[in-house]
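Record features (Swiss-Prot):
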type: BINDING; residues: TRP31, SER65, PHE66, GLU67, CYS89, VAL90, ILE91, PHE122; note: 5-amino-6-(D-ribitylamino)uracil binding site
type: BINDING; residues: GLU94, THR95, ARG136; note: (2S)-2-hydroxy-3-oxobutyl phosphate binding site
type: ACT_SITE; residues: HIS97; note: active site, proton donor
Amino acid sequence: MATANKNLSNYDKNTIPNAKNFRFGIVISEWNDHITEGLYSGVIEALTDCGALHKNIIRWNVPGSFELIYGAKKMIETQKPDVVITIGCVIKGETMHFEFVCEGVTQGIKDLNVLSDIPTIFCLLTDNTEQQSIDRSGGTHGNKGTEAAIAAIKMAYLREQANLGFHQSDKLLKTNQLQIEGLPLKIQE
């Protein structure tokens, strides 16, 4: 498992933009809710720790992970958040259902990112066992929800700066690099 030697909840707040002015959409699967609610807690804790306001966080529930795609699409269209976080958990069983759902959700979220101006963050646990999911949703490996929240803040900031055209702030435009709170992000020409 890739996270065996990494705590997903660790981040350096000094490297993350302030989230106060961003609107966050969260679409969460009700399936495996004992896992997804843990991921949601990690998302909320990290967002608020980085300045997000509760009034700027919208939550929608969907029945399962496959429905995350439609939920995120509709949230983007109707709520106009700066970023959407999709939260789900698929645990491998005895049939091919696991592979089909994981592939479909992965491709669907990828498609939203390609076709929409709003970033969609992929917080879908795809584990072989329930214990692996527990370990990654607030257990021994930290919380993948925390990692997703930090990615969401960074992507909302990137979107904001890209929409400004990178030239609006002299502080941001430095030798073809965008500064994210002191971290360089190289711009490809």
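In case you wondered, yes, glycine gets a Cβ from its N, Cα and C as well.
Quantities reported herein were computed from a predicted structural model and do not represent experimental measurements.
Here ARG136 ((2S)-2-hydroxy-3-oxobutyl phosphate binding site) is positioned 20 angstrom away from PHE66 (5-amino-6-(D-ribitylamino)uracil binding site), judged by their C-alpha atoms.
Each of the recorded positions HIS97, ARG136 was ranked by the number of other C-beta atoms within 10 Å, and first place falls to ARG136.
According to its DSSP assignment, SER65 (5-amino-6-(D-ribitylamino)uracil binding site) is helical. The Cα atom of PHE122 (5-amino-6-(D-ribitylamino)uracil binding site) lies nearest to that of ARG136, taking the recorded positions GLU94, THR95, HIS97, ARG136 as the candidates. Other Cβ atoms within 10 Å of the Cβ of GLU94 ((2S)-2-hydroxy-3-oxobutyl phosphate binding site), summed over all protein chains shown, number 6. The highest number of surrounding Cβ atoms within 10 Å, among the binding-site residues CYS89, VAL90, ILE91, is found at CYS89.
Look at the Cβ of each of the binding-site residues SER65, THR95 and count the other Cβ atoms within 10 Å; the largest number goes with SER65. Cα-Cα distance from TRP31 (5-amino-6-(D-ribitylamino)uracil binding site) to GLU94 ((2S)-2-hydroxy-3-oxobutyl phosphate binding site): 17 Å (rounded to the nearest whole number). You'll find the Cα of SER65 (5-amino-6-(D-ribitylamino)uracil binding site) roughly 17 Å from the Cα of ARG136 ((2S)-2-hydroxy-3-oxobutyl phosphate binding site). Looking only at Cα atoms, GLU67 (5-amino-6-(D-ribitylamino)uracil binding site) sits nearest to HIS97 among the recorded positions THR95, HIS97, ARG136.
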